[in-house]
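As given in Swiss-Prot:
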COMPBIAS  392-404  compositional bias 'Basic residues'
REGION    172-192  region 'Disordered'
REGION    372-408  region 'Disordered'
REPEAT    4-45  repeat 'WD 1'
REPEAT    66-105  repeat 'WD 2'
REPEAT    108-147  repeat 'WD 3'
REPEAT    180-220  repeat 'WD 4'
REPEAT    224-263  repeat 'WD 5'
REPEAT    268-308  repeat 'WD 6'
REPEAT    351-390  repeat 'WD 7'
Amino acid sequence: MDIALSSDALDVSFHPDEGVHQIAVGLISGKVQLFDYGAMFHNQSTQPDESRTSGKAYRRVWSVRPSHKSCRGVAFDASGSNLFCIFKDKSIIALDPSDGHVKARWPRAHESAPSRILPIHEGLMATGDDDGIVRLWDPRCPPEGDAEAKPLRSYDHHSDWITDMLWCTHLDPPRSKKKDQEDDLKRKRDEERARSRLIVTSGDGTLSVIDIHGGKKGVEVSEDQEDELLSIASIKNGKKLVVGTQLGVLSLWAPDRGLLDHADRFPGHPSSVDALCTLDQDTVLTGSSDGLIRVVQLFPHKLLGIVGDHGGMPIECMKRKGHLIASIGHGNECKLTDLAPLLEEGDVETDAAEPEPAVMLVSDEAHLIARSADGSDESAGESDVMQPPPATKRRTAKSKAGKKSVHDVDQHASFFADL
């Protein structure tokens, strides 16, 4: 199902409550829109007149424009009581999900436009910007009036835009090279003690691990991967990290082996991997700049097929809630895809009494799945795994999108006009 938007979308976020079927979208026009897709889960005859007469399985709850600059990120907090948004004018704004009114504002939160926002818990929120600065905030303490926003802490170890952030409630400590008893005891104590960490990927080709309790010294930065790191997800209950790159290679990281360098690599995508979502503990969904959403199995590595297609337009963002995946590309629509056929019963916490939603099923995309994972026809005899193309350095899709490799750039140049 496609949700029609008033302009091109840059980010999307599901309401965290399982009983609330709402999704927020940040637009290039500066608008933030909230949609209710609950009609997909109920008989159409029980729906309000608006959704029944329109023939749509969704309705727009509200639309606001807190800034005239593009909204580059949206994210609900864990309780769903706040919708945090970042804008090109360098501000952070908290909206009330009930009606969209502004609850709090952090003006001039960054020196350059923020590119990512991640609410961690009610007392902590992280943002990253186009210059590679990561900042931590207390959402409960916005500045008064038009006062300049002051972060709890600021990190400047990255030199290029922040592409993605992942919060790990526990990250395994690296294994000691010395197998003596003292090291084993120390590692055991570390494993028993919560090691929450913020994992950050950047366009400068490095991955960093931030201990928010460790001050400036609580930062570890990987070696230069000689490729832009664009997205990140965790599998194996946090034992492995998957990172998408500009060259289309998935780099695999093992925290217990240290995060100074990747532990494995899996080529196979003909274009950059701009978005990642965990499907289960062995499988991820990848959103690529060729417009395809692929299912990728890891350990052993295998491209399983395609579950979505944005018509050749790059996929900017993917978010998952239960058996639904929301994806946005370079267009004025948000696609909702039903993943229920891919998920075994009991893998996803959903209401058993609810019928299957009337969204695009994987079976409806049989003509896509029949193609190999790189988008070619299987009858051609080509392997699912392709070698990555020659390295080409791209600039950020948010602030430096001018050099990003997409199809028919000239025809879609207006997408980047207000970024």
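Cβ coordinates are placed from backbone N, Cα and C, and glycine is handled just like the others.
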* Range from 66-105, 108-147, 268-308 with most C-beta pairs under 8 A to the repeat 'WD 1' (4-45) -> 66-105
* To do: Count up the helix, strand and coil residues in the repeat 'WD 6' (268-308) according to DSSP, in that order.
  => 0 helix, 27 strand, 14 coil
* Beyond the flanks of the repeat 'WD 2' (66-105) by at least 6 residues, Cβ under 8 Å -> 10-17, 20, 22, 24-32, 34, 111-119, 121-122, 125, 127, 129, 137, 139, 142-143, 149, 398, 418-419
* DSSP-assigned states of the repeat 'WD 1' (4-45) in counts, ordered helix, strand, coil -> 6 helix, 18 strand, 18 coil
* Asked: Of the residues in the repeat 'WD 5' (224-263), how many are helix, strand and coil by DSSP?
  -> 6 helix, 17 strand, 17 coil
